[in-house]
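In what follows, a single structure is set out as structure tokens and then discussed.
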Amino acid sequence: MNIIFLGPPGAGKGTQSKRLEARYGIAQISTGDMLRAEVKAGSEIGQEAKTLMDAGRLVPDSMIVSMLEKRIQQPDCAKGFILDGFPRTVGQAEALDEVLARLKSQIDVVLVLQVDEDALADRIAGRFSCAKCGASYNDVSKPTKVPDTCDVCGSHDFVRRADDNRETVASRLASYRKETMPLLPYYEKKVKVAFIDGMAPIEDVSSQIDTIMQEVEQITQK
Ligand code: AMP
């Protein structure tokens, strides 16, 4: 099962795709996480990407497509993958189609998380995660149960993304509207596109996704 998750920054794609990964045993692939790992490692790609990421701009299609092409051929993608943050432009979607055709594979469903844009800046500014296990939190909507202590691993070290600030949110949203929204008509012509109310509580969003996944599984098994 191969899934694409679309939605503006802060819509909850990361949270929901990690849940899907756990439930269906398919690999979650976040191109943002891959780029942040390159930045941390100080690689050539990381150095080139950092300035663009800090400004809330997209990195070039060529850079991201070759990273993604290698990633989806890793053994953990044998049962499928969830793309979180890719594709973000029609050029990336076309390149993905070519790669999948070569691999004799295809996208089974596109999940679109719809959210009220006014809520995004607050959601994003409040995000932080555990530096040790990666569990994600939010100052307002999902604080740690015990102050400064990770609910999952007990660590006291937390990190905030360099680009999770109110100044960058505006340009990230502008990129989403201009570059990524055109993917909706692109995919609607080819594959099932399902819209999800991303303003609902996390558990409700997961149930909406479960219902869609059951429908898609019935179709793909036929
Ligand atoms: P994300 O973690 O998905 O919010 O991505 C963080 C940043 O990484 C974005 O604002 C972009 O600068 C860059 N990025 C991640 N995925 C892509 C992509 N598919 N195409 C271009 N830039 C990307």
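The backbone N, Cα and C atoms fix where each Cβ goes, glycine too.
Any TrEMBL annotation is an automated prediction that lacks curation.
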Stretch carrying region 'NMP' according to TrEMBL (options 30-59, 150-179): 30-59
Residues from the same chain, set at least six apart from the ends of the domain 'Adenylate kinase active site lid' (127-163), whose C-beta lies under 8 A from its own: 10, 14-15, 36, 53-54, 56, 172, 202
Secondary structure content of the domain 'Adenylate kinase active site lid' (127-163), with strand meaning DSSP E or B: 0 helix, 12 strand, 25 coil
Nonlocal neighbours by CB distance (under 8 Å) for Cys150 (Zn(2+) binding site), same chain, sequence gap 6 or more: Cys130, Lys132, Cys133, Ala135, Thr144, His156, Phe158
Neighbouring C-beta atoms (10 Å sphere around the C-beta of Val59 (AMP binding site)): 20
